[in-house]
Amino acid sequence: MLKNDRLLRALRRDTVDRTPIWLMRQAGRYLPEYRAARQHAGSFLKMAKTPELACEITLQPLRRFPLDAAILFSDILMIPDAMGLELHFIEGEGPRLGKPIRDAAAITQLAVPDMETELRYVMDAVRLIRKELDNSVPLIGFSGSPWTLACYMIEGGGSKEYAHIKAMAFNAPDVLHQLLNTVTDAVISYLAAQRAAGAQALQVFDTWGGILSPTMYRTFSLPYLTRIARELERGTGTEHTPLVLFGKGNGPYIAELAMSGTEAVGVDWTIELEDAARRSNGQVALQGNLDPATLYGTPNNIAREVQRTLDSYAAGNGGSREGHVFNLGHGMTPGMDPDHVSALVEAVQRLSRR
């Protein structure tokens, strides 16, 4: 039995003694111990593909901060890599895929990878982390969203214009839907395998959903998020594994995401939580949504913004703080001060206590 189940209770909108907190990219370059591990390993991919290293890095922030969850150390591009698109990282530029998808012929050659073969290192990491956590806090597994993965798979990496995928959306939408359906199948299998290996909550990162117009979002992102929420087997009762759908720029679609079948919606800092809570109408828990740049502020300023965020959620939720998971609106960045993270966690714990 979990010693700390606040996260799972909050995601189910049950009563908790205080608002739980975890942070996107809580294991990352802002931590000196992470940088030391990265230097010793020699590459990001070696860390992500070696279960013992992935476990160590996952646990690093838990040793520093009294967080309410661990999140698997990995990368959303492990699925495209396992599909044969040859993931590599270029220093200072980020991830690149050596075999981008540009036509229907390439899509027909894609297959959903075997989760205990091509992606066994991820599942072994999940199993090892669960063992090392020893039921102290829940472990979150994750995947990129179909749209976000397709962006990388078609562009071959990050992009400012997303010209290739947007051209495909306008000129060959059936081809893009074919890719999105294949990727959705892979995401569902990937998350199910993480759950089977021991993940106790799951999150989908729709990082690039916000680049789409409303019509395009409702055509190329939302239907596939909904498929995941409705088709991913998550169990019942004490064996239930809650799902969070997080997206940058998803504010206009919260009401629709709340009806997708997910347990929770993660939002960025471009919408007030009060507004998000009203739009979700009590159908889902909400996760977020402190601007990550707040961590560049003083501890007093951080505490002030924590209070404002907590109050904003309650104002939109009938005065109640239940059903809220505190998080940033996006991930930690390398220049952040670990002491300011400590101040953030302390403020959330102190100010949210019931």
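Every residue, even glycine, has its Cβ placed from backbone N, Cα and C.
Noted in Swiss-Prot for the protein shown:
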BINDING   R25, Q26, A27, G28, R29, D75, Y152, T207, H330  substrate binding site
SITE      D75  site 'Transition state stabilizer'
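Neighbours of Y152 (substrate binding site), defined as other CB atoms within 10 A of its CB across all chains, total 27.
Rounded to a whole number, the C-alpha distance linking D75 (site 'Transition state stabilizer') with R25 (substrate binding site) is 10 angstrom. Under the three-state DSSP scheme, Y152 (substrate binding site) falls in the helix class.
One residue stands out among the binding-site residues R25, R29, H330 for having the most other Cβ atoms within 10 Å of its Cβ: H330. Sequence-distant neighbours of A27 (substrate binding site) (same chain, six or more apart, CB under 8 Å from its CB) are Y34, I57, T58, Q60, P61, I71, F73, listed in sequence order.
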